[in-house]
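**Q** Sharing a structure with you now.
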Amino acid sequence: MGRKASRLRRRRQPPAGISPTTSPSPSLASSSREFAIMQSPSKLPDPSVSTPPGVLGHQGWADLPDKLLHSIVPLLGSFLDLIAFASTCGSWRAAFSSYPSKPTICTKLPPLLVRPNVCVDAPHLPSSNGCHKLRTCKVIDLANQNRALRCQIPQETFQRMRFAGSSYGHLICCRRGNCLVVDVFTGAEVSPPSLPFSGDCEQEFYFGGTLTAPLASPNCHLLVSTRSSLFDWPVGSDSWSELKLSDARIDQIVESNGQFIAMDYSQRIYILKLAPQLGLQEIAT
């Protein structure tokens, strides 16, 4: 009886060398103490009950099927849980990337607040990514404001670029007709083509920048508002569309029920259309 009970106890343990929590990859801006893979073990299926026969005994966490991993994603309770889930290993990151309802989940979670102008000390984090010196910034999780969080952004972004907006976990910065979209947690950067300014780009001011969808989505657009124009870049294309603004600049763009709503400096409201061509239709108020 003693040996049989011992064998049963061993079967319920995770695969050798795997712990219930895993530190994020160094590219994520947080210390290993700040993350756990799951927010709460009670939110996850019990492996001894729901895992198919043979999976627990013969596979590690990296070998779990996408279908099972996809069933875990909706149970995560914060952006930190999503980040930790995706950073567990390459196969979990791939499963998260292929999860079909990420935008819907993200709208239901409390947002993270990145404070780029609040620099914090983090001697345990790298000072550069091999190409750029990194600036460590404070991050606030509105769901748990007592948790100390940090992210790293290239120092060059602060020194040479102007902040235009933030969207879907990215900072949007512009200067001299050049834009840069930075993932604040991975450091990944996307550089669109130069804006098609007809005048002196040094004199331009940037009043807004937003993404219409997650950056990896096939229909994602980057919208940038200046004093006299609204620019639209279909992500991955080689050119911008420009809508001249004769009256007031666009200060804010939001999505509502599948439509994009824009508000100008005079607080007039418009429906923003991306196709067949960029346009604004004022809503009578």
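Cβ from N, Cα, C; glycine included.
Please treat TrEMBL annotations as automatic predictions, because they have not gone through curation.
As annotated by TrEMBL, compositional bias 'Basic residues' applies to 1-13. Per TrEMBL, the feature compositional bias 'Low complexity' maps to 14-32. Annotated domain 'KIB1-4 beta-propeller' per TrEMBL: 146-275, in sequence order. The region 'Disordered' feature in TrEMBL is assigned to 1-54.
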**Q** Summarise the domain 'KIB1-4 beta-propeller' (146-275) as counts of helix, strand and coil residues per DSSP.
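**A** With helix first, then strand, then coil, the domain 'KIB1-4 beta-propeller' (146-275) has 9 helix, 66 strand, 55 coil.
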**Q** Please average pLDDT over the domain 'KIB1-4 beta-propeller' (146-275) for the predicted structure.
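**A** A mean pLDDT of 86 is what the model gives the domain 'KIB1-4 beta-propeller' (146-275).
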